[in-house]
Amino acid sequence: MSDKIHPVPKQVKAQALIDKEKYLKWYEESVENPDKFWGKHGKRIDWFKPYTKVKNTSFTGKVSIKWFEDGQTNVSYNCIDRHLKTNGDQVAIIWEGDNPYIDKKITYNELYEHVCRMANVLKKHGVKKGDRVTIYMPMIPEAAYAMLACARIGAVHSVVFGGFSPEALAGRIVDCESTFVITCDEGLRGGKPVPLKDNTDTAIHIAARQHVHVSKVLVVRRTGGKTGWAPGRDLWYHQEVATVKAECPPVKMKAEDPLFILYTSGSTGKPKGVLHTTGGYLVYASMTHEYVFDYHHGDIYWCTADVGWVTGHSYIVYGPLANCATTLMFEGVPNFPDQGRFWEVIDKHKVNIFYTAPTAIRSLMGAGDDFVTRSSRSSLRLLGTVGEPINPEAWEWYYNVVGDKRCPVIDTWWQTETGGHMITPLPGAIDLKPGSATVPFFGVKPQLVDNEGKVLEGAADGNLCITDSWPGQMRTVYGDHERFIQTYFSTYKGKYFTGDGCRRDEDGYYWITGRVDDVLNVSGHRLGTAEVESALVSHNLVSEAAVVGYPHAIKGQGIYCYVTLMAGHEGTDTLRQELVKHVRAEIGPIASPDKIQFAPGLPKTRSGKIMRRILRKIAEDDFGALGDTSTLADPAVVDDLIANRQNKATA
């Protein structure tokens, strides 16, 4: 924990939308009188039918979350149509291609046409309100058009990250029974093609075996690469949009009508379909975007995430566009053609607000300062981080080297489930401590509890819960409300349990310490240990597997796998490589194991439960105090694991 404090810079304070006094006043009202506070701020979006009810939520019993429930609106209308009269010619999306010489600017007028045409294509092929549409796309403007087109006609989109495998894509198609997929011939990442259409074809075959049949696939031509083609099912996007009008009226949606499903890893094997609805989500995404990034009209804003993750939903597409912002969409990677790419893009497009992940910061820090200092970065006003806690060393480098000691670093803590920022500094109001997410956003009531559920006051270390609802909160797990209740509200009754550990210091600042459940945070992406374990066990030579996280210099957390093989088989380096490939094929490259330790047995209690605490300690090369091992069925297993650990500190 860093003791250093960076006060709000004078020039930031002078032009900030929210100062300390306003933050304290608004925050108090937001938690003391949420109906009044959100009743006022709900009007930041346009409503076809104004709401009269604001908050109707319960964290007990059946758990029900409703905001602005009698209002009617449309997300696509709020992100596009309402800006056309005064800002139609303003750039909505700057697209920066994988190739540094290719970019494109799309105005709000052009965005309107693209989205209406895509919406009309969906309607032409039978997609209607409530239908689920799967989007498996690279970071190209058509991915945003697809999301907004679904929102326009009331279809529910399920965006699947383009780095996920066909198996992972199939699982998500099956779970939400999607019959329409939007994809691309190939993606481009770091100069290499990604076979998205071929992956889609494989996924559709897998889904069909589970009785979910995709009837149409809309394919955007990105590279012109060869792909399979199913006549009657597959449609070229460029051909289809040429046949429809560039106008499509937005459907009136109830505030609680579903907007999207986004799958996220849980502590059990099957990913959860996080369901977000229309009104509350957009109010919260747009409000957090404006105040957390101190967004002023005319700012060029760049979030480096992918639309396949919630950060891309809330802070590339919906939040910025609802605020009539100019949002930059980046197809590439931070180290292609070299490690200076981010800083070159900032100079090229005069970016004012830059939002990225600690993993990227640590990786670029390792490449040295020269890549940064050869660029000017003079347009930058604000830096942000997202996805995982940032270590103070990386924070200081980001602040000192990238931001030239003049740009506040906004360290945001939130989740797929929360829809938007929860604990975060506001640039003009909150002094910064490197490594701390600082204080709660308006309407957010954090609480620390110990493992028994006792509430901890003052400076404390515990499990982070939120005690009341906020408009951006997920409403349910798609198709499984019981799982929603069990996952988030059963551990500590009447509270939303985040799954994160947290420390609160004597100034009331919050420091996120990482997951306390069986979920890894690898490069800012959540991954369930159970998912990786089931991928390993699906290999014909693996009898049993246990997966834990360990500290990783770049990724934050690395993936450490303990693998027991079938009788008669020996662990070799070749098999290690084969297992890494196998996991990549089952889930995707983000799940690649960093360390695989072959183990004759795993530490189990007499009842057969694996003692993960011991496995974590060994993976961390910290086995001096393993705690009580008396309940182990075979304590000798531990000695073997220690002797053969893969993470020995080098002398």
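Keep in mind that glycine also has a Cβ here, set from the backbone N, Cα and C atoms.
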Additional site residue, Asn335, Asn352, Asn463 [criterion: listed by Swiss-Prot with Arg189, Gly190, Gly191, Lys192, Thr311, Ser523, Arg584 for CoA]: Asn335
Per Swiss-Prot, member of Arg374, Arg377, Arg515 binding ATP alongside Gly387, Glu388, Pro389, Asp411, Thr412, Trp413, Trp414, Gln415, Thr416, Asp500, Arg526: Arg515
Among Asn335, Ser523, which are binding-site residues, the residue with the most C-beta atoms within 10 angstroms of its C-beta: Ser523
CB-centroid shell, 8 A cutoff, Mg(2+) site Val537, His539, Val542, site residues removed: Ala535, Leu536, Ser538, Asn540, Leu541, Ser543, Ala545, Val563, Leu579, His582
Densest Cβ neighbourhood among Val537, Val542 (binding-site residues), 10 Å radius: Val542
Least Cβ-crowded entry, counting other Cβ within 10 Å, from the binding-site residues listed as Gly191, Gly387, Pro389: Gly191
Farthest-apart CA atoms of Gly387, Glu388, Pro389, Asp411, Thr412, Trp413, Trp414, Gln415, Thr416, Asp500, Arg515, Arg526, residues recorded for ATP, distance in Å: 18
From binding-site residues Thr311, Gly387, Ser523, Arg584, the one whose Cα lies nearest His539 (Mg(2+) binding site): Arg584
